Amino acid sequence: MGKKSLSSSSQSWWWRGWRYLHPQHNLRRPLLLALFIISFVALTFLLSGLESLSVEHQLENVKKHIRSWSIVEEEDDPLNVERRRAVKEAMIHAWACYEMYAWGHDELQPQTRDGVDSFGGLGATLVDSLDTLYIMGLDEQFQRAREWVANSLNFNKNYEASVFETTIRVIGGLLSAYDLSDDKVFLEKARDIADRLLPAWNTPSGIPYNIINLRYGDAHNPRWTGGKSILADAGSEQLEFIALSQRTKDPKYQQKVEYVIEELHKTFPADGLLPIYIDPHTGITSYSKISFGALGDSFYEYLLKAWIQGNKTESVTQYREMWETSMRGLKSLIRRTTPSSYAYICEKTGSSLSDKMDELACFAPGMLALGSTGYGPDEAEKFLSLAEELAWTCYNFYQTTPTKLAGENYYFPAGQDMTVGTSWSILRPETVESLFYLWRLTGNKTYQEWGWNIFQAFEKNSRVDTGYSGLKDVSSGEKDNMMQSFFLAETLKYLYLLFSPPSFISLDEWVFNTEAHPLRIVTRPANGETYSTIGQGRLQERFHGRKGRSGSN
């Protein structure tokens, strides 16, 4: 059947209206033509204004949220205010250069003034920086980043992604942005990428593969591991996936990552120290080194933080027990140098110790300080004292080089204090992270002074007109061509918080993932309780009930 025709009366009305808009009609009536043009222009401006108003309205909502988190500088130490502003200015510089030269790419290459997709083009620096922008009150930058996440972040990529790096940077960054801003676009994106990672856990043992194709879901391990899963990679997704289950009320994410801990608990050694390689088919560790540095570090960190994330309740006791067992093992790896008695953490293979410590292991002083509060008074004092000793060593990783920036790892020869091993420096955050925890937990301003000295070394040696660069060598100061995403996500955030009041992002309310993304602490469900009665709703209630602060920071 043909289209229904217009009635003669409606057709006549339509033609009478249209002919006044026809050019030939208006050319014969200049006044009417002018009126028509003016009306058209006015309508265009009106619509444009409404669109602009909508954007401004969104921005104002962001500003209101951020203002509620800002610091009252009049009540703070003027020196802290000055230093915090300096760190914030560094973040503004780093972010502006990323926006100018690498927007939407994973990382900025400052020397060549372009971007590189180190993580498959997931906007790693942008997503990693969301909470730093929010915490520092950079509302306009945050809003631009939010719009990119909403409109341009696409995970449907034929890319072999690291399950671990994608979890800690992308899922962690998105969930933190959600917890801070209450903007559901971040939660939706976090769930999208988590669903793409889940097939990595489909192994005979439940120990995940470390690599997965984001589009097709094919998972495997790197060739260089001999087909084995890496301890830090396989055992450091608990915080993000548990948080995702709490906020979505879908238990499948938590179930996957907690099964890993159950499997490892079955054969957990008496000293709590696990080799860095695990067979994903059997769940059994392989003969390989034990390290609190590369490939092992965050497994131990997450045992403690999953206990904190669960609000230290009975449902998460196993995490704390496993962590305390591992800390007894850590103490067996402590050695001290001659002549200066620097404490350091050895690596171990079989029964043989290696006098080597990665800068990555400098997260351990902060972890020990954070965990010391769960012991009785005597044990707490011992662990806090060890944390302070290790922090002094890590600070001297920086102070003993010509640039005052730390190398990647250090050796401790007999009769000597320390020598740089791998001499590059890539803007790492671990030492600053530990200084942040130690200052928060002891109130000792010495740790602020050390952090400020490290920040000044970054400003002197790593800052360039186009961003921040790592160093190829901490002796010569020759720069590399990479601004690591964790410099914005972790290093600058921890420095900013080091000079902020302890009540700002309180450790009683937040737990930081291994990429420095703060996640709200939410009490775990009791037996039989479902996520429909706990989690997102309660979390939002606590957020909106928080007493706001005014002022700029």
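Each residue, glycine too, has its Cβ placed from N, Cα and C.
What TrEMBL says about a protein is an automatic prediction, not a curated fact.
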Q | As recorded in TrEMBL, which of Cys346, Cys394 forms the disulphide with Cys362 | A | Cys394
**Q.** Densest Cβ neighbourhood among Glu408, Glu430 (active-site residues), 10 Å radius
**A.** Glu430
**Q.** Residue among the active-site residues Glu165, Asp297 whose Cβ has the most other Cβ atoms within 10 Å
**A.** Asp297
Q | Nearest recorded site to Glu430 (active site) by CA-CA distance, among recorded positions Asp297, Cys362, Cys394, Glu408, Thr514 | A | Cys362
**Q.** Glu408 (active site, proton donor) and Cys394 (disulfide bond), Cα-Cα, nearest whole angstrom
**A.** 11
Q: Taking the Cβ of Thr514 (Ca(2+) binding site) as the reference point, list residues of the same chain whose Cβ is under 8 angstroms away and which are at least six residues distant in sequence.
A: Ile168, Gly172, Ser236, Leu239, Asp297, Ser298, Glu301, Tyr302, Phe363
